[in-house]
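Here is the structure we will look at.
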Amino acid sequence: MVTIRSGSIVILVLLAVSFLALVANGEDKTIKVKKVRGNKVCTQGWECSWWSKYCCNQTISDYFQVYQFEQLFSKRNTPIAHAVGFWDYQSFITAAALFEPLGFGTTGGKLMGQKEMAAFLGHVASKTSCGYGVATGGPLAWGLCYNREMSPMQSYCDESWKFKYPCSPGAEYYGRGALPIYWNFNYGAAGEALKADLLNHPEYIEQNATLAFQAAIWRWMTPIKRAQPSAHDIFVGNWKPTKNDTLSKRGPTFGSTMNVLYGEYTCGQGSIDPMNNIISHYLYFLDLMGIGREDAGPNDELSCAEQKPFNPSTVPSSSSS
């Protein structure tokens, strides 16, 4: 017969209590997300190192609210705007949910998520703005004024892609969306990623705000070329520059997000207006989101004025124009 002494029982009880205390303190690695009065309770820090229902990762809607979206794009539904009633907060959040598990707005903690929102939406605003110097509310308040190119000069059909992304008869691949995409090969690639027939129906992007935001986030998250980083990986610090990148003055900075998206249209040409306009939107959005532009870094990290372009244009650009 096995005899258990009272001292052993006390030790076992203490061990059990200690284990429960560890679980309560968050040292159990399988704690589920709890909610108290509708708010998430996380005992392991802001986020876990993987995406799981057992982790405490916040989503974009946890820190980016509808009132902030309205502040950033306050003039988008004024009568003179060209996409009145098209863009809205819920369409953005629905689109973003597809990419949150891939790190969009959920990489590196809450502050990094907020900064990425300001950066991404700063790009969006600068590319869809109808603001000008004396516009009501200032030139930075007019983002999401457009959802399409108003007077396209061509159909943007590149026949060199006819075997992989052939142009559909009658289709026109002019700029559409929140980060406007151009050319048949871009519509084809985006359509494959988003499971939408954009090659045959590029007009879907100007008809559906969620799809338009998804196409923009896809462009932000996806390298234009396999050997290159995405704008997302540059901004959040996932990308490690090579020696050639360093010599070309490219680094994990906001400036390099402009470079990888727009190349020589914006970068490597000194302090030009297209570049400064994007920077101004980013800083303005940081201020409106309550972060402050001092967190944006020095000017040489914001600028791409002296960077060599990632993709010099010898053929139609595969990036947004």
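We count from 1, first residue shown onward.
The backbone N, Cα and C atoms fix where each Cβ goes, glycine too.
A quick note: this is a predicted structure, and the numbers were derived from the prediction, not measured.
Swiss-Prot lists 310-321 with the feature compositional bias 'Polar residues'. According to Swiss-Prot, the feature disulfide bond maps to Cys42-Cys55, Cys157-Cys167, Cys267-Cys304. The annotation N-linked glycosylation site is assigned in Swiss-Prot to Asn57, Asn208, Asn244 on the grounds of sequence analysis. Residues or ranges marked as region 'Disordered' by Swiss-Prot: 297-321. Summarising the annotation, Swiss-Prot assigns signal peptide to 1-26.
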Among Cys157, Cys167, Cys267, which are disulfide-bonded residues, the residue with the most C-beta atoms within 10 angstroms of its C-beta: Cys267
Site of maximum Cβ density within 10 Å, from glycosylation sites Asn208, Asn244: Asn208
Intrachain C-beta neighbours of Cys304 (disulfide bond), sequence separation six or more, cut-off 8 angstroms: Arg250, Gly255, Ser256, Met258, Asn259, Thr266, Cys267, Gly268, Met275
By Cα-Cα distance, the member of recorded positions Cys157, Cys167, Asn208 nearest Asn244 (N-linked glycosylation site): Cys157
In three-state DSSP terms, the structure that Asn208 (N-linked glycosylation site) belongs to: coil
Reduced DSSP assignment, Asn244 (N-linked glycosylation site): helix
